[in-house]
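*Asks:* TrEMBL lists these features:
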type: TRANSMEM; residues: 20-44; note: transmembrane segment
type: TRANSMEM; residues: 64-85; note: transmembrane segment
type: TRANSMEM; residues: 105-124; note: transmembrane segment
type: TRANSMEM; residues: 136-157; note: transmembrane segment
type: TRANSMEM; residues: 225-242; note: transmembrane segment
type: TRANSMEM; residues: 262-280; note: transmembrane segment
type: TRANSMEM; residues: 292-311; note: transmembrane segment
type: TRANSMEM; residues: 365-391; note: transmembrane segment
Amino acid sequence: MRPNSQALKQRSLHETEREFGGTLGAVCIPVLLPLTVLFLISVSRSPEASLLQWPPVLPSTHQLWDPVALVLLLGWIALHALLYAMPLGKVSEGLTLRDGTRLKYPINGFLGLCVSGVLLILLLELGAPLGSLFELLLPLAVCAIALSFLFSIYLYIRSFWAPSHALALGGNTGNPLYDFFIGRELNPRIGNFDFKYFCELRPGLIGWVVLNLGMLMKEVELRGSPSLAMMLVNSFQLLYVADALWNEEAVLTTMDIVHDGFGFMLVFGDLAWVPFTYGLQASFLVEHPQTLSPLGSLTIIALNGIGYYIFRKSNSQKNQFRRDPTHPSVARLETIATATGKRLLVSGWWGLVRHPNYLGDLLMALAWSLPCGFSHLLPYFYVIYFTVLLIHREDRDERQCRAKYGLAWDTYCRRVPYRIFPYIY
């Protein structure tokens, strides 16, 4: 009876608690975040690049639309949809759903990255002007935002034909504004094509590094060669994306896949927010070149390396423990038993802080911004935003884990008192 009572407790938590500001957030965020994307791109291309400039830098109407951008965006998504559907790579099962079934997912995202790389090399050899992506940033962002709204509307409407067990616990409140934003259906699919899983790591994430390459090629057009700062930003962020796709299977146990419905929040985040705000450093460097000293460059590389090491090692340890707790690499780690039958790690990386992967993520985020110097705040938007995001996500984790594990979670928190930053937070 105990697991059922835990499930009822979680269901009650979702029914009484609305996230991201509830209805007010569901109304304001879909308006403010798209405007923020367009504002940040415009600022990054302006001579002052000041977030505090008044009146703010606003694009003209003709800068917002270019039919070429729409063709590129739709073609890009179609390419990766085709690669996703190809019977290449292994197939893994997700976690058990409420009806007792487990969905199957193709693990071939890294192949999509490699194919994209080969195609880009061919385009460069043929003389394609990849630097023109700099001029197309705003139209591409507008198209991605519009597509996010249209796709979210489709997902909301189709969710009313989904069985009740296929709905997300937190996205079926009866409030249409909130449910549209947070997502009603947990795993919307057509056949074996999973929309949420596809968008999570494919067109937006790989598109991010393609846009970065476009910024690098624009710098080559303007100055004859890429700067060290631009190469560091491109290299760091390519490593991050390649790592995510190489370890694609791990996303099947994340909050986005397991817990959140697929609505505007994730659609917009995957298709517009990630590719157009995570790479602001590269677009900033096109108009605001920076010179790095050898010592400064080595320090930044070391910081990114340390962050990546913590991020990868802690995630690998967690994923290995979830897959096989008896594996020699995790079998000797200390754990706490819970009423659900699962165990919580209280040693290794997860005995240092409760979210060591977040710590590594934030160190890398800082390393991505440092090549842009200290004269402007804009390149640090990502690390500031990401800090707020991860603290908010950590708080969501805390509430869900306390509801799920009860007294065992309280014991874990006493054993591991720091959340993200050792001896600080």
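Note that Cβ sites are derived from N, Cα and C of the backbone, with glycine treated the same way.
What does the local environment look like for each feature on the list?
*Replies:* Same-chain neighbours of the transmembrane segment (105-124): 79-80, 83-94, 130, 194, 197, 201-202, 206, 209-210, 213, 217, 241-242, 244-246, 248-249, 252, counting only residues six or more beyond its ends whose CB sits under 8 Å from a CB of the stretch.
Residues 30, 34, 37-38, 41-42, 45, 59, 63-66, 68-70, 72-73, 176, 179-180, 183-185, 188, 195, 211, 262-264, 267-268, 271-272, 275-276, 283 of the same chain sit 6 or more residues outside the transmembrane segment (136-157) yet have a Cβ under 8 Å from a Cβ within it.
Sequence-distant contacts of the transmembrane segment (225-242), counting only residues of its own chain at least 6 positions beyond either end whose CB sits under 8 Å from a CB of the stretch, comprise 110, 113, 205-206, 208-209, 212-213, 215-216, 219, 278-279, 281-282, 285, 289-292, 297, 300-301, 304, 308, 364, 367-368, 371-372.
Tertiary neighbourhood of the transmembrane segment (292-311): same-chain residues 228-229, 232, 236, 239-240, 243, 349, 356-357, 359-368, 370-371, selected by CB-CB distance under 8 Å and a gap of 6+ residues from either end.
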*Asks:* The transmembrane segment (20-44): which same-chain residues, six or more beyond its ends, come within Cβ distance under 8 Å?
*Replies:* 50-51, 53, 56-59, 64, 137-138, 141-142, 145, 148-149, 175, 177-178, 180-182, 264-265, 268, 272-273, 276-277, 280, 283-284, 287, 378, 381
*Asks:* Counting Cβ pairs under 8 Å that sit 6 or more residues apart, are there three or more between the transmembrane segment (262-280) and the transmembrane segment (365-391)?
*Replies:* yes
